[in-house]
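Inspection log for the structure reproduced underneath, given as structure tokens.
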Amino acid sequence: MGSWIPKLLLLQLVLLLTKHADSSSIIKYLPGFEGPLPFELETGYIGVGDEDEDQMFYYFIKSESNPEEDPLLVWLSGGPGCSSFTGLVYENGPLGFKVEAYNGSIPTLVSTTYSWTKVANIIYLDQPVGAGFSYSRNPFADRPSDTGSAKLVNEFVRKWLAKHPDYFSNPFYVTGNSYSGKVIPAIVQEISNGNYICCKPQINLQGYVIGNPVAYYDHDKDSRIPFAHGVALISDELFESLKRSCGGSYSIVDPLNTECLKLIKDYHKCVSGIYQELILKPKCETTSPDCYTYRYLLSIYWANNEIVRRALKVVEGSKGKWERCDLSVRSNQDIKSSIPYHMNNSIKGYRSLVISGDHDMTIPFLGTQAWIRSLNYSITEKWRPWMILDQVAGYTKTYANKMTLATVKGGGHTLEYKPEENSILFKRWISGQPL
């Protein structure tokens with residue numbers, strides 16, 4: 001008799017969560033922010049997958065300029081498993097945390113200066129299922145895959161637009177960074193195929209924006225050693241020995257190649273004290289308020305507060321501890337390379353902007369340049385600096401297939417390290433201006 005109790009409780013939980021499918025709420029106040037929000041925020045869930053069992057949580061922020069005509073973006077954070085709230089409060093959203101020692105109260109939110117929502121409507125989407133506040137009503141669901149996530153994001157966007165039909169005609173872009181940069185080209189392909197095969201009205205798909213994106217992860221990682229040499233983190237002698245012994249392949253090494261393995265250990269000793277997401281910043285303990293990464297803890301304190309969850313209209317019981325980047329969200333990484341998707345999307349005429357912070361050692365700009373070269377696109381504008389107030393902000397190159405590469409001088413793995421430069425870069429590109 002007692003063995004039925006856990007099953008009964010599980011059934012009750014599933015029935016409880018089922019009642020909350022496909023909901024949305026307008027949020028005028030957020031805990032931690034003083035006064036009413038100075039922008040329009042909506043949160044909610046859209047059910048996708050078999051019988052809508054996967055409930056995708058989103059934050060939608062209207063453009064502060066002209067929401068009826070400004071572009072509509074869906075933003076996906078990396079990981080896989082990072083909540084899109086990361087993008088909202090740390091990268092390109094209208095809110096950020098006041099960085100101060102946590103005292104047990106709700107962390108303070110403040111307005112930001114360089115939000116992309118000044119010129120665009122943005123849906124910050126928690127994906128894959130399990131990231132952020134997204135959840136599955138099926139406790140036995142298979143772990144998500146890259147291609148599966150691409151299909152579900154396509155389904156999410158179509159269902160979201162069906163509930164927000166005023167945005168069907170807005171120019172639509174898929175945006176994100178890091179690991180999501182590998183999946184985004186596949187999402188663009190899914191949406192494009194849906195437009196041609198099945199679905200009316202069509203989504204006004206125009207292109208995509210990816211920041212320090214994973215393309216072919218092993219090759220991306222291989223570029224770390226040449227990058228480290230280029231910025232004087234390893235010696236000429238070690239670099240030449242690595243090239244000679246490893247043949248340029250540093251992430252997948254023959255276990256019998258003991259000389260290469262030994263040299264890679266020497267390399268790791270040299271860079272172990274480096275903060276790889278932005279090598280200019282110190283590597284330090286996250287628990288110290290003086291450490292840059294301390295700000296990430298504030299989002300964890302904030303999102304795990306019950307008052308906050310009620311304000312966001314998070315379904316009660318749908319999520320245990322919220323993690324900014326939940327490493328337990330393990331995905332089947334079945335897209336080994338995004339390059340075929342880039343090529344297919346360019347043939348269809350979609351625009352793309354590839355942003356690369358030039359001091360990121362996680363996905364170095366050298367690897368990004370290498371996979372772009374492999375596309376064999378003809379160059380329409382040669383490598384040149386792009387400027388802000390007569391100062392070099394980075395370098396750019398434009399290709400015939402509507403792809404633009406832009407580095408950000410002094411930038412890191414994500415947009416947050418150079419918010420002004422990334423905001424100006426995005427505004428110029430999205431409006432069709434020269435960088």
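Yeah, the Cβs are placed from backbone N, Cα and C, and that goes for glycine too.
Summarising the annotation, Swiss-Prot assigns active site to Ser178, Asp360, His413. The annotation disulfide bond is assigned in Swiss-Prot to Cys82-Cys325, Cys246-Cys260, Cys284-Cys291 on the grounds of similarity to another entry. The annotation N-linked glycosylation site is assigned in Swiss-Prot to Asn103, Asn344, Asn376 on the grounds of sequence analysis. What Swiss-Prot lists as signal peptide is 1-23, and the listing cites sequence analysis.
Secondary structure at Cys82 (disulfide bond), as computed by DSSP, is strand. For the recorded site, Asn344 (N-linked glycosylation site), the DSSP three-state label reads helix.
Across the disulfide-bonded residues listed here (Cys82, Cys260, Cys284, Cys291, Cys325), the residue whose Cβ sits among the most other Cβ atoms within 10 Å is Cys82.
Counting other Cβ atoms within 10 Å of each Cβ, the recorded positions Ser178, Asn376 show the lowest value at Asn376. Here Asp360 (active site) comes close to Asn212, Gln276, Glu277, Leu278, Ile279, Gly411, Gly412, His413: these same-chain residues lie at least six apart in sequence, with C-beta atoms under 8 angstroms from its C-beta.
Here the glycosylation sites are Asn103, Asn344, and the one whose Cβ sees the fewest other Cβ atoms within 10 Å is Asn103. Each residue contributes its Cα atom, and for Ser178 (active site) and Cys82 (disulfide bond) those atoms are 10 Å apart.
For Cys246 (disulfide bond), the number of other Cβ atoms no farther than 10 Å from its own Cβ, over all displayed protein chains, is 22. For Cys291 (disulfide bond), the nearest of the recorded positions by C-alpha distance turns out to be Asn103; the candidates were Cys82, Asn103, Asn376. Per Cα geometry, Asn344 is the residue among the recorded positions Cys82, Asn103, Cys246, Cys325, Asn344 nearest to Asn376 (N-linked glycosylation site). Nearest neighbour of Asn344 (N-linked glycosylation site) by Cα distance, taken over the recorded positions Asn103, Cys246, Cys260, Cys284, Cys325: Cys325.
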